[in-house]
Amino acid sequence: MSQQVIIFDTTLRDGEQALQASLSVKEKLQIALALERMGVDVMEVGFPVSSPGDFESVQTIARQVKNSRVCALARCVEKDIDVAAESLKVAEAFRIHTFIATSPMHIATKLRSTLDEVIERAIYMVKRARNYTDDVEFSCEDAGRTPIADLARVVEAAINAGATTINIPDTVGYTMPFEFAGIISGLYERVPNIGKAIISVHTHDDLGLAVGNSLAAVHAGARQVEGAMNGIGERAGNCSLEEVIMAIKVRKDILNVHTAINHQEIWRTSQLVSQICNMPIPANKAIVGSGAFAHSSGIHQDGVLKNRENYEIMTPESIGLNQIQLNLTSRSGRAAVKHRMDEMGYKESEYNLDNLYDAFLKLADKKGQVFDYDLEALAFIGKQQEEPEHFRLDYFSVQSGSNDIATAAVKLACGEEVKAEAANGNGPVDAVYQAINRITDYNVELVKYSLTAKGHGKDALGQVDIVANYNGRRFHGVGLATDIVESSAKAMVHVLNNIWRAAEVEKELQRKAQHNENNKETV
């Protein structure tokens, strides 16, 4: 009988470490809701002790996600576990994930400890986590380079202490699939109480083997796979969840396991993660790349037309990619837009219908026809604009030519005040940015600029993603319009609002800290 493989998503924890700019709470929540809709069993959404912002993100997601188990990471440190539990206590169901290094190299050079001390610490911290929840995951960091006898000792002790999931990470992407399968098999042979816990794997792609290692581990008996959407993560990335999920589905004949994933949500979730994280998906990426279902060879095209199974082992529809996308026009009503969003699987609570419809009408007047990808882009940007705004683009004008110095005039609403400035620049976009810097005095430094077409032809929307440096921190901004300069201006305004919000959060945290300090003095 087919057994279920638990899908553990770490896009918002391990995956976020690869980003050039931290995600806002709203952005993290949007991804979390998409993962919930896709049906992930467990989502690891942060490392609460690392910063007040991470604590807030975990708490916000824990409060709103109902159908997936929410997990937070904690080192084998008392404070880490206590803070993780505090951030998660509002969740319907939660897990604490604690870890410690087990390889000889890590124990000697990083921890400056011994294996016996590591085991003692693991036992104590697993028991501490069990005081807060019956669902505790324990990870043996760098398990791939840990001798099997040592690993078995740690695993047995952690299970005896109360760990319900034991995670075996290939932390540096070092092992070969046959080696990794051997580690899992070896644990089943050597650990007498292993039947009391789920064996999980967490692989990295340094040698391009993350998915292969995870599947080999599943074949050897692992029943939880950890990874990130699109394989994002530090260095070469994490195991690509969409690849593992579809491999399990397509090769069920060999693996004899299944997942609880809603496969129809894979493509949409992948695209959302790509957009929000500002990490384009390579065209040749398995499952979700733009070329994954494209056939250019004449022989292949002929074969597919005769029978798709000649050259396709799965269909675009199986991951929710509908090749025929219906369009709406400026004569379409609000109900029609909502109906189309419903058909695409979006709940009204996930976007602002009034804002979406206003933006839809403006775009429809320009383009004539609005397609599914247009609606999704407008809804995505609308989500950004639901966050409090201090800066708002009121007006801009640019003048440039092949022999002229680019000049821009910009008017920004800054809170209750409206300010205007003009500036020259190295092209129209730079001129707009120079004018904005004069208005705000933020003097942000542009680190990355990318432009992506959303749609086809001359009326395609241009999405500009930028990363800017301000006071040692990096901030991400997104802008969307049919005009590239306008998209660029909106992206910079989005950055400014993110900077402003970060400053407001810092002020609020300082205010609360001062309030708590005053209360202590009163007592």
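A Cβ is built for glycine as well, from the same backbone N, Cα and C atoms used for every other residue.
Together with H202, H204, N238, the Mn(2+) site in Swiss-Prot holds one more listed residue from D14, D41, D404, which is D14.
In terms of DSSP helix, strand and coil, the region 'Regulatory domain' (392-523) has 52 helix, 59 strand, 21 coil. Per-residue confidence over the domain 'Pyruvate carboxyltransferase' (5-267) averages out at a pLDDT of 96. For D14 (Mn(2+) binding site), the same-chain residues lying six or more positions away in sequence with a CB closer than 8 A to its CB are E44, A228, G233, E234, N238. Contacts of H202 (Mn(2+) binding site) defined by a Cβ separation under 8 A and a same-chain sequence distance of 6+ are given as T10, S139, N167, I168, P169, D170, T171, E226, G227, N238, C239, in order along the sequence.
Excluding D14, H202, H204, N238 themselves, the residues of that chain whose CB lies within 8 A of the CB mean position for the Mn(2+) site are, in sequence, T10, P169, T171, T203, A210, E226, G227, A228, G233, G237, C239.
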